[in-house]
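Just below is one structure, and these are the notes that go with it.
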Amino acid sequence: MAEQRGNMLMKKYEMGKLLGQGTFAKVYHARNTETSESVAIKMIDKEKVLKGGLMDQIKREISVMKLVRHPNIVQLYEVMATKTKIYFVLEHVKGGELFNKVQRGRLKEDAARKYFQQLICAVDFCHSRGVYHRDLKPENLLLDENSNLKVSDFGLSALADCKRQDGLLHTTCGTPAYVAPEVINRRGYDGAKADIWSCGVILFVLLAGYLPFHDKNLMDMYKKIGKAEFKCPSWFNTDVRRLLLRILDPNPSTRISMDKIMENPWFRKGLDAKLLRYNLQPKDAIPVDMSTDFDSFNSAPTLEKKPSNLNAFDIISLSTGLDLSGMFEESDKKESKFTSTSTASTIISKIEDIAKGLRLKLTKKDGGLLKMEGSKPGRKGVMGIDAEIFEVTPNFHLVELKKTNGDTLEYRKVLNQEMRPALKDIVWAWQGEQPKQQQQPTC
């Protein structure tokens, strides 16, 4: 068996100490015995990934990682697999998080500019290859032994965990302090423009030593982000203020582009020309060890389809009483959400019974999506309803009901007069309403 034997993995990597772990993966320090190079190995539990419905996403993301070879991006060296595990062999970045520096005090302007230049060049490189990060945050900004910035988790977001450290700049798990207004809004967004916003928040933090959008009241902080309400400290010079106003523009259509940022005089001061000249075409593809059961990515026994896992921001955005879209635009009233302490199988069974009673054709899709369709056309065609189940914890789920076709009034009538009463036994709370009991769900 090619899997880990003792301290050796694939007869090539000497495994070291555990560096961290999350829901799907553990990360170990390791040494390549052929080159003596220090690496990090992310060991992923294939069964958990399959149950979470994330295998296709991981395979797509492995392919995109071939496109993102850049000196300021944590490198994926190799992908291997066995019948039970997937292994990502990654560059080991030894300098820790950039924000550990900021916790000791704000950075001088030249130092902040250097890191911002490296960040922008790395992110722009990925954008040029059609890859967007969408989750730039403190944990993803690392430093190597030469104090150069390294952006991590490009292309590996499916395995990102929401666990964060407490501290000056690490906000509560899921707090969208670095997230663009349009992402909070959940109405679809341009990945490039969302990344630009996050880069602006990071620049502010480097120069100020604190977040631009912060409030003890979470909802007030959401509002500040939505309106881009922030104040620059007195030590910010005019050029930085102007640049930040262009980056932290709540309207993505008028927000500054990467090209314009890179033309900005403040940005270009002292810029290392090698960053701009970096060859965008990688010379080598990432080696994938096909002899170690990579083809068995899909060969595991058939598993019950489980609902999608929500990341922490999704939980906050979708959970009871926190419908954020109303802060930015009028709701079209086509969707409703409720939370439940029932198991996923119980929720699915209940929805199947409701669909049968309403004579709706029900189709199960991957990741906890149930599609229902009427048998007869109504005023605006055949009514279509999606029910999507998200796992917050094994004992707590969020369900989103959404009209996908047909007349809105007809849908609201079916929802309020038929579906809601039938769902009452499994509903903990409908979004915007108080839970039927004050008992908190088990997390």
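One is the number of the first residue shown, and numbering goes on along the chain from there.
Quick reminder: no glycine exception, Cβ is built from N, Cα and C everywhere.
ATP binds Leu19, Gly20, Gln21, Gly22, Thr23, Phe24, Ala25, Lys26, Val27 as Swiss-Prot records it, and from the list Lys42, Lys46, Lys51 the residue named for this site is Lys42. Between the listed ranges 333-362, 363-392, 393-422, Swiss-Prot ties the annotation region 'PPI' to 333-362. Per Swiss-Prot, the listed range annotated as region 'Activation loop' is 153-182 (candidates: 93-122, 153-182, 243-272). Residue pair Leu19 (ATP binding site) / Asp135 (active site, proton acceptor) shows a Cα separation of 21 Å. Of all the binding-site residues listed (Leu19, Val27), Val27 sits in the most crowded Cβ setting, with the most other Cβ atoms within 10 Å. Counting residue by residue with DSSP, the region 'PPI' (333-362) contains 14 helix, 8 strand, 8 coil.
On the backbone, the CA of Thr23 (ATP binding site) and the CA of Asp135 (active site, proton acceptor) stand 17 Å apart.
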